[in-house]
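Novice: Pasting a structure here, questions to come.
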Amino acid sequence: MGVTSLLFCGVFFLLLLFVAADTCEDIFMHNVIISEGQPFPFNCTYPPETNGAVNLTWYKTPSKSPVSNNRHLRVHQDQTWILFLPLTLEDSGIYQCVIRNAHNCYQIAVNLTVLKNHWCDSSMEGSPVNSPDVYQQILPIGKSGSLNCHLYFPESCALDSIKWYKGCEEIKAGKKYSPSGAKLLVNNVAVEDGGSYACSARLTHLGRHFTIRNYIAVNTKEVEYGRRIPNITYPKNNSIEVPLGSTLIVNCNITDTKENTNLRCWRVNNTLVDDYYKDSKRIQEGIETNVSLRDQIRYTVNITFLKVKMEDYGRPFTCHAGVSAAYIILIYPVPDFRAYLLGGLMAFLLLVVSVLFIYNSFKIDIMLWYRSAFHTAQAPDDEKLYDAYVLYPKYPRGSQGHDVDTLVLKILPEVLEKQCGYKLFIFGRDEFPGQAVASVIDENIKLCRRLMVFVAPESSSFGFLKNLSEEQIAVYNALIQHGMKVILIELEKVKDYSTMPESIQYIRQKHGAIQWDGDFTEQSQCAKTKFWKKVRYHMPPRRYPASSPVQLLGHIPCNCKAGKCNAATGLITP
């Protein structure tokens, strides 16, 4: 029973969601009365719902089938528009525009009434003022005013050949009237200028031509001067940065009283924009739109630059609204040096970081390559005879010191002396018999460029540093008297240096240490292995010339490739 109840509740909840999602909020209804035989559009807009990602569909009630999107049909939906090409008497009815987004649904209704009525037809009763689709407009007496031909169609429709009529006669340009596209300028308005006007235009859609007629009933009225000064909220005599060759649209926003009929237009060099650029049509004035407020009307007249040219820079384009005027000036954009500077700085920092990363990763190989590429066979004139003094722990007889002796007395000379051409002083191998230990060490340590110290983790292995004069004199001369660079090599990983003499602790802290990998194979005796590269990196950048008695032709270095060390001739340059 419980499962059935839960299932029923779930189905009921989903049903509620479905009904809520399918319910649309009615916004308002438009009543439109218009004559048959001409194109008619209606744009479904409900800001901000139609500004984002929405699904908009037109219907004719009571049908649930949407209006077709096929542009070749007489009645079809074109984006947010419903378009009749042309109207017929059968088109009368109620049309619904349904707007859906991710969260809401709205619908706008249009009550369309199509009447049989024709301009200047003998069957027409009365004047055009009685026409159902007439527009009411006002002209100010004693001033200049303008009439607007309302032509709002989707982008798929092209409009041209706009003509103006008073009564049934076409208006020609003269002192009284100045037709300018969708706008008719009336100079020095008088009472007799009121009456019936009309504008017509040719509409082209997918190669088909239609004629549009708008009927305008004009009243003349005297308006108090104090109330008729319009307010231009934008532009504000400002400049606009715009790149050369770009497209620009600028709106002129005007707030005016409802009874005001001031002329609203764009001018350049005291000439209407459409007249000034009538040949190229590169710059055009747009169609005026308006929004009614309580006691005012907000007008918008835009100017479109299809392609900005050099001649447009520095030239004022002025928006006029009666006695009010405001201009814009196009200026060439100033290069944003901050962006270039920031980009250059970021690139430089990235380069520095990359170079430092590469250097830290490959500095040993880079330094060894540099020494090899730019080495000299001449010995440095520093009065030194040895490249390094080797100091290593001496184990008592019977202890496990064989590996240390093998490394120091066999492998070390094999690699550094025979393969790389260095000269080492190893006490117990290079001193002359019978010499006093103190004098031997004191004399030879002065002739060395480096001090190479081997340490082991056993605390006892370096206990001799506290007692034997060799170690004491070597470390003293290296750190105090001669400022020698010390190479510290760990025979095994030393975790705790606290048991070591303070001199060794100081060397470890200042110079770091190189750890021997404990490999005594043939491959480990190659100067190109990782361990010996580190040792060579800390050794002096030199080798003895071939004529030196230290270097023998019989010395054969190794060549390490694919994990093997093969014999080769010549010396490896450190």
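Quick reminder: no glycine exception, Cβ is built from N, Cα and C everywhere.
Sharing the record's features from Swiss-Prot:
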DOMAIN    25-113  domain 'Ig-like C2-type 1'
DOMAIN    132-215  domain 'Ig-like C2-type 2'
CARBOHYD  ASN43  N-linked glycosylation site
CARBOHYD  ASN55  N-linked glycosylation site
CARBOHYD  ASN111  N-linked glycosylation site
CARBOHYD  ASN231  N-linked glycosylation site
CARBOHYD  ASN237  N-linked glycosylation site
CARBOHYD  ASN253  N-linked glycosylation site
CARBOHYD  ASN269  N-linked glycosylation site
CARBOHYD  ASN290  N-linked glycosylation site
CARBOHYD  ASN302  N-linked glycosylation site
TOPO_DOM  22-338  topological domain 'Extracellular'
TOPO_DOM  360-574  topological domain 'Cytoplasmic'
Novice: ASN237 (N-linked glycosylation site) to ASN269 (N-linked glycosylation site): how many Å between their Cα atoms?
Specialist: 15
Novice: Taking DSSP states H, G and I as helix and E and B as strand, how many residues of the domain 'Ig-like C2-type 1' (25-113) are helix, strand and coil?
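Specialist: Once the DSSP states are binned, the domain 'Ig-like C2-type 1' (25-113) shows 6 helix, 47 strand, 36 coil.
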Novice: Kindly assign ASN237 (N-linked glycosylation site) to one of the three DSSP-derived states: helix, strand or coil.
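Specialist: DSSP assigns ASN237 (N-linked glycosylation site) to coil.
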Novice: By the DSSP assignment reduced to helix, strand and coil, which category contains ASN302 (N-linked glycosylation site)?
Specialist: strand
Novice: Could you measure between ASN111 (N-linked glycosylation site) and ASN302 (N-linked glycosylation site) for me? Cα positions, answer in whole angstrom.
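Specialist: Here the two Cα atoms lie 31 Å apart.
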Novice: Quick check: in three-state DSSP terms, what is ASN269 (N-linked glycosylation site)?
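Specialist: The residue in question, ASN269 (N-linked glycosylation site), is coil (DSSP, three-state).
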Novice: Please list the DSSP helix, strand and coil residue counts for the domain 'Ig-like C2-type 2' (132-215).
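Specialist: The breakdown for the domain 'Ig-like C2-type 2' (132-215) reads 3 helix, 49 strand, 32 coil.
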Novice: Far apart in sequence but close in space: which same-chain residues, 6 or more away, have a Cβ under 8 Å from ASN290 (N-linked glycosylation site)?
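Specialist: When sequence neighbours closer than 6 are ignored, ASN290 (N-linked glycosylation site) has ILE297, ARG298, TYR299, THR300 within Cβ distance under 8 Å.
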Novice: Sort out the sequence-distant neighbours of ASN253 (N-linked glycosylation site) for me: same chain, 6+ apart, CB within less than 8 Å of its CB, listed by position.
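Specialist: Listed in sequence order: ILE232, THR233, TYR234, ARG298, TYR299, THR300.
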Novice: Looking at the glycosylation sites listed here (ASN43, ASN55, ASN231, ASN302), whose Cα lies nearest to that of ASN269 (N-linked glycosylation site)?
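Specialist: Nearest in space to ASN269 (N-linked glycosylation site), counting only the glycosylation sites, is ASN302.
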Novice: By a simple count, how many Cβ atoms lie within 10 Å of the Cβ of ASN111 (N-linked glycosylation site), its own Cβ left out?
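Specialist: The Cβ of ASN111 (N-linked glycosylation site) has 13 Cβ neighbours within 10 Å.
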Novice: In the structure shown, which of the glycosylation sites ASN43, ASN269 has the fewest other Cβ atoms within 10 Å?
Specialist: ASN269
Novice: How long is the line from the C-alpha of ASN302 (N-linked glycosylation site) to the C-alpha of ASN231 (N-linked glycosylation site), rounded to the nearest angstrom?
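Specialist: Distance (Cα to Cα, whole Å): 16 Å.
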Novice: I'm trying to understand the geometry here, so how far is the Cα atom of ASN231 (N-linked glycosylation site) from the Cα atom of ASN43 (N-linked glycosylation site), in Å to the nearest whole number?
Specialist: 29
